[in-house]
Every structure is written in structure tokens, then in C-alpha cells.
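Single-structure report; data block below.
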Amino acid sequence: MDTPLRRSRRLGGLRPESPESLTSVSRTRRALVEFESNPEETREPGSPPSVQRAGLGSPERPPKTSPGSPRLQQGAGLESPQGQPEPGAASPQRQQDLHLESPQRQPEYSPESPRCQPKPSEEAPKCSQDQGVLASELAQNKEELTPGAPQHQLPPVPGSPEPYPGQQAPGPEPSQPLLELTPRAPGSPRGQHEPSKPPPAGETVTGGFGAKKRKGSSSQAPASKKLNKEELPVIPKGKPKSGRVWKDRSKKRFSQMLQDKPLRTSWQRKMKERQERKLAKDFARHLEEEKERRRQEKKQRRAENLKRRLENERKAEVVQVIRNPAKLKRAKKKQLRSIEKRDTLALLQKQPPQQPAAKI
């Protein structure tokens, strides 16, 4: 049987406390008796004892902690167990806690245990010291726990959904709080490390950071809603009577709109536009007058040309005075058509006519 040797290896790194710790053996016995009387408080009915003994043959290793929060695992003792211990990786202090929880291994940690007897020089005070610390913590945790506080809660595992505030997370087994493996100074009291505080009665334990975040978000949510309601009042828009729902109600009709000053023209601009209109009218009238003048000039020139032509023709006429009327009687009709009568008074005045003139 090499079990005492393993226990001596595991407990080799711890320093013995002052001899005052030997007086706590009686308190350890009382705590162990109380723990034996009701072992169902810290263990579920369906949990087998073989799970609790999983770390008996494991060598001495530091406890596995998550990379983000080493203190969170130590403070999660009574609030929520971390799950079943991994075989071969559990710390020696946790193995002692598991031995205390199982009723089959409880006689090994009593003061009369044969495993503490092979080396009484160094290991006897160490065993009693560890048992005294565990017993004091068990008694303190039992006093702090209230009947209404649930004991089986799991912390929020990364990757698993967080339980709701009214929902209890299932847990396989409760576990005792993890102890610090660093050796304490001889003068430091036993209760120096921070024990995990259980939640108050009537509250369910959820993830610490998740609960804080939810509380902060719930406190900020109503404030933002109030601000939104105050800033943006909702005014429902009804359907217009005309049925033209695409028209904007903020726009007014053209008859109701007032003209701005930029729409009114200045006096200088008005006078300039009036002058431009007057010039255009004058130019148009001038063009009409020119056209009429040219027409009149052309008409007058035509009349003058006609008059001049008539005068030229009259000057070019050959006048023959027929003094014998019988000659006219003998003339043919064709010749008579070409004969025209002229007033020869002027000619007669120059030359006194003896006979009426006749143009042949």
C-alpha cells in the first residue's frame, strides 16, 4: 500500500502552522460527525461515489484554471461547482475535499487514521493542520448558507448559453472551495484567504459577469426609451379626404404661399426692361416705315415711267392732216381702224388748220 507515501508527497510542500492548530482536533471531529450525519446536503442522490474518487492516484499538479479568471474559480466554490474533477489533474487540496465528501473515505482523515502514523515527525502536524482548516471552512460555510439558497448551480461556461434569471442551471455535484496552494507565512491567521460567499436567500446564482451586464443593460434601456419618447412624439397621419395620399401635408397650396422678396424685381431692372421693349417697338416701326417708303417710291417711279413713255410715244407719232373728206370715205375699214382722232388745236394754233386733222 503506497497511499501514505503519496499523501506525504502531496502534503510535502505545505508548511506546518503553529502548535495552536493542534487544539482544533476536537472541532474537526465535531465537523466530521456533522458532515457524516447529513452527506446528502452536498451531494445529489444520483451521483456515484466513483466520480468523487477519480483523483486518488493522480500526482501533484496545480489546479487547472481558465486563462481569463483564476480568482473566479476559487470564488465559485459554494455558488456553483465547476463540474466533475478530471482524473489525474486535480490538486491535492481538492482531492482531500473529495475524500471528505465521500462517506467511504471519511475515516482516513480522522486523527486516529493509520495513514498519518507512519511519519509522525513532520506529517502529523500537517495532517491535523489541513483537517483543521477544512473543518473550520465547512463550519463557516454551513453557518453562512441559508435554507432557501440553492446549492447546485453552474457558472456560465464559455460556449454554453447563460441561464435565465428564473432558471436554475443543472449541476452534477457540489464542490468545496478551492484552497490556495501557495504556502502561507507562519504568523498569518488561518482565515486569511477569501472564502467564497454564498448568495443571499431567495436568489438564484447565475454567472457573475453576465448578471452585471444584464443589470446594466436593463437600467440603461428604460432611460433610452424615455428619451426617444420625449424627443420623437408620434403623430398619426390620417387619410386625406380627397384620397390623394401621395401629397405631403407639410406643403401648402400655391394660392396660400407668399412671394418672397427675391421674387420681386427691382425698379432699375423694371426700367431697363421697359427701355428694351421700347427700343424693340421703335425698331419694328422703323422697319415698317422703311418698307412702306420703298413701296411708295416704287409706285411713284412706275407712274413716272408710264407718263414718260406716253409722252415719248406722242412725240414719236406721225401726224397727217387729211383735208379731203372723200379720201376718208374711200379708205378701207382696216385703214380706218388705225386712224385716231387727235385734238390738233395746238397745232392749228401754230398753223391755222384749214381742214380738220386726221391721223393716218
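Note: Cβ is positioned from N, Cα and C throughout, glycine not excepted.
Between Ser24, Ser242, Swiss-Prot assigns phosphoserine to Ser24; no such entry appears for the others, which is not proof they lack it. Per Swiss-Prot, the residue from the list Ser102, Ser160 bearing the note phosphoserine is Ser102. Confidence for the coiled coil (272-323), expressed as mean pLDDT, is 93.
Using a Cβ-Cβ cut-off under 8 Å and counting only residues 6 or more beyond its ends in the same chain, the compositional bias 'Basic and acidic residues' (273-295) has close neighbours at 265. A sphere of 10 angstroms centred on the C-beta of Arg342 (citrulline) encloses 15 other C-beta atoms.
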